[in-house]
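Working notes, structure below.
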Amino acid sequence: MQRRLANINIWTVAAIVIIAALFLPNLTIVTGLFTPSNENWAHMKEFVLWSFVKNSLILVVATAASTIFIGLSLAWLIAQYQFPFRRFLKWALILPLSIPPFIGAYTYHGIFNYTGVIQTTLRERFDMELNPAYFDIMNLPGAIFIYTVFLYPYVYTITQVFLAQQSASLIESTRLLGKGPWRTFFQVVVPISRISIIAGASLVVLEVLNDYGVVKYYGIQTFTTAIFQTWFGLGDIETSIKLAASLMGFVIVILLIEKILRGRRQYSYASTKVRPLPLVKLTGWKAVAAASYGFAILALGFFIPVAQLIDWTILTFGTIPLDEFMSYIRNSVFVAGFSAAVIIVFALIVGNFARLVHGRLAKLLPKLTVLGYSIPGAVIAVAVVTAFVSLDEFLAPLYKLVGMNTTLVLSVSIILLVTAYIIRFFAIGYSSIETGYDKIGTDFQDASRLLGAGLTRTFFKVDMPMMKGAIISGFILVFIDVLKEIPLTLILRPFNFDTLSTKAFQYASDEKIMEASQASLLIVGISALAIVVFYKFLEKELD
Amino acid sequence: MNKLFYLVIALLVLVLAACGSNDASEPATDAPEETAESKEVNLYTARHYDVDDELYKKFEEETGIKVNLIKGDADELLERIKREGDGTEADLFLTADAGRLYRAKEDGLLQSVSSDILDEQIPEKFQDTDQMWYGLTKRARVLVYNKETVKPEELSTYEALTEDEWNGRVLIRGSENIYNQSLLASFIEIEGEEKAKEWAAGLVNNFARDPEGGDRDQAKAIAAGVGDVAIMNSYYFGQMLNSEDPAEVEVAEGLGLFFPNQDTTGTHVNVSGAGVVKTAKNKENAIKLLEFLSAPEAQGTFAETNYEYPVNEKVEPSELLTSWGEFKEQDIPLSALGDNNAKSILIFNEVGWK
């Protein structure tokens, strides 16, 4: 008993310290809720707030629905059926995640607009001048399309791994009972994969709520637009923080809903024998249809935009100074890899804490860290800078002691940027680790403890090996997200520190999307490589 | 388990190594101040053109002063300087809008500098009244029109675009854009808030479509037949004429450029400009950089490669800019653009300019 307590304390203390550190900077935002509102707030409420909220809601609901539809249907096809190119599609369908949505948005606009390949071809080859409104994607449906084709992999990946690993016995029983594929799908697959669907979809929702690049370029006014408008346009940071705080409140509601939907059910391995589902072989038109569906989505989310980027790269090659690109690549990979590693270690500690300590509070506490993902990057940036400047002021005597005559050390260093990434993307790593812990449950843990192993020993000897898949997938997801990140990197990086995404963004924001294609292609290439590595690893694990 | 353990260790080692080499290759980030004072200048800039980088390199070669850069969005850079307080490393703040320079000044982030060279190279009109910032390049917000459906004689002023004949024919980007905010801010300054609001509402009424995309997209929409006249910045037109994409060049060639309000208040002009940060540790170097950027050579480069108008009157604008002809500029203090910025946004919201 004594020992158990001591062990729990180490984990508890570590977890609580991490949660506090991740949450603290966000407190600036929470306090914003309680400041009195001013005339700008009244103005926003009178004229624009409702339409902003409405647009955000439409985007969120529609994108969630379509990513669930596409992600789940693909996951089901891959997990259940054998058809041509299945092995390739299985991992390739994650690739759209490697394209930052704002780049995707520019690319698709590039394809569809008047000087784009479609209209140009129609005009020049077929002499057809169609109503340009048919090709206009810079609107709400267009934005939903962009988010869907580039974000569905969140739902797909998490659900597919889940279905492949755990549903075998359940689904087999259903088959034995003579239920057809549709009934199996709706009565068994959908309910049992609820957790992974919700986990994936909530990442999509948070990503959409937070995006600024796509909606700004497409001219759609959302909640995030409102935050930026009041802050920068009206110079009213109070109202802006109030809006950010409301957004955070909204996210808390989403998280609570997730919690309720998840309920008290636990879906962990029932036995040590986790075996993959035997695949049903599709033939004839069914096989063709399944493969075509996969390829169609993949084309929309990867091949078409990449082809456009390659085309632009060829057009502008030689006009872009490439001499610094090696350093952009180094910087990008370094910050992404480092942040992802730290996040995974933290997530393992916090996740283990949430799993082992009973009580509602302990389960809810880790959820607080997800809030970082709900606040627009620029707002986090300021919160983090503020915290670091105070920290530097606190440490200033120490700096003097070692002979530095400056007061700002940490807050102008790369540590600031990495900290911000960790706050921002902890949710991504954590959700992967949490799903992993859910899957292994506590039975093995209990057995190990009964046999006399301590908590820490059990963690390394028993839990970790089973968590490999979750660790790798969490790492890769965070890695890719940091690689694509924009506002934090722009605001917080130290002097002379450019990454591929800052470079791509700078060209794009000057409306030089063609010139942005080189850096964009490199982002896509590196992320795609990470996805392939991730897949190879997972495949070895699962086979 | 073991494999994973080694993987994690290897990763950490890799990261630490990268960390080390990173520090070594970028002394600027952590370099102590002793050496820094005379040979560095730290620039926070909202302009991210390749031509700027080339000019900084040239400056380094000529003076031996290293230019350290943080590029970002103007508002976000301002916020960062503010938050960093007295300890900020920033020496010079450079941005592409007078309104933001005004805000930097209002927030007490800039200091007054005087230099005979700057006074000689930059006309008073493009200097802050307290010499807290200096304009470096000009960009005009012009009209471009479909040569086939619009005769230049039909165009006159920004205000005239609100008349019935332009119903459903006007294109312009969204109100979140600073160029539009500054344009409306200039109207508030010249004609007062009520008139400005009437203009904004009238223009919204004549929109060919809801605002979307950037300045170039407005030009393309004319080619596509969505509308007939667009309000856009002059240098984007230059960029399109010189685009790598033949389709864009073709679009631009089908368009005409018109300087509005020539018989009345003048075409709206905004500047890129820079101010020395109040707590600058390398003030002298910052001034040197300003002098370099306003000198004829750099000014010529801005015009030649970025199609911006030089502020230095001794510099001939490039051939392309000259071909567009001379024009009368709005004559208002540029600080008004910043002063009226918030009012513009409120008006945009009220009249439903998305």
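We count from 1, first residue shown onward.
Cβ atoms here come from the backbone N, Cα and C positions, even for glycine.
Where the annotation comes from TrEMBL, it is an automatic prediction and has not been curated.
The transmembrane segment feature in TrEMBL is assigned to A:12-36 (among others).
Look at TrEMBL and you will find A:53-260 (among others) tagged as domain 'ABC transmembrane type-1'.
The transmembrane segment annotation in TrEMBL covers A:56-79 (among others).
Look at TrEMBL and you will find A:91-111 (among others) tagged as transmembrane segment.
If you look up TrEMBL, you'll see A:144-164 (among others) marked as transmembrane segment.
The feature transmembrane segment is assigned by TrEMBL to A:185-206 (among others). Under 8 Å from some Cβ of the transmembrane segment (A:185-206) lie the Cβ atoms of residues 60, 63-64, 67-68, 71-72, 75-76, 147, 151-152, 154-159, 161-163, 166-167, 170-171, 174, 179, 251, 254-255, 258, 261-262, 267, 370, 373-374, 427-428, 431, 434-435, 438, all in the same chain and six or more residues away from its ends.
What TrEMBL records for A:241-261 (among others) is transmembrane segment.
What TrEMBL records for A:282-308 (among others) is transmembrane segment. Tertiary neighbourhood of the transmembrane segment (A:282-308): same-chain residues 70, 73-74, 77-78, 81-86, 89, 92-93, 95-96, 98-99, 103-104, 107-108, 110-111, 117, 149-150, 152-153, 521, 524, selected by CB-CB distance under 8 Å and a gap of 6+ residues from either end.
Feature annotation from TrEMBL assigns transmembrane segment to A:328-350 (among others).
What TrEMBL records for A:329-535 (among others) is domain 'ABC transmembrane type-1'.
Residues or ranges marked as transmembrane segment in TrEMBL: A:370-389 (among others). Within its own chain, the transmembrane segment (A:370-389) has Cβ neighbours under 8 Å at 22-26, 28-29, 206, 209-210, 212, 224, 227-228, 231, 237, 240-241, 244, 247-248, 250-252, 255, 408, 410-411, 416, 419-420, 423-428, 430-431, 485-488, 491-492, counting only residues six or more beyond its boundaries.
Annotation comment: TrEMBL describes A:401-423 (among others) as transmembrane segment. If you look at the transmembrane segment (A:401-423), the same-chain residues 6 or more away from its ends with a CB under 8 A from one of its CBs are 22, 25-26, 335, 338-339, 342-343, 346, 372, 380-381, 384-385, 388-389, 391-393, 395, 482, 485, 488-489, 492-495, 497.
According to TrEMBL, the transmembrane segment annotation covers A:470-492 (among others).
Per TrEMBL, the feature transmembrane segment maps to A:519-538 (among others). Remote same-chain residues near the transmembrane segment (A:519-538) are listed as 90-91, 94-95, 97-100, 103, 161, 306, 309-310, 313, 325, 328-329, 332-333, 468-469, 472-473, 476, 479-480, 483-484, 500-501, 503-504, 507 (criterion: CB distance under 8 Å, separation of at least six residues from the stretch ends).
The stretches the transmembrane segment (A:328-350) and the transmembrane segment (A:91-111) do not meet in space: the count of Cβ pairs below 8 angstroms, excluding pairs fewer than 6 apart in sequence, stays at fewer than three. Between the transmembrane segment (A:91-111) and the stretches A:12-36, A:56-79, A:144-164, A:470-492, it is A:144-164 that has the most C-beta pairs under 8 angstroms.
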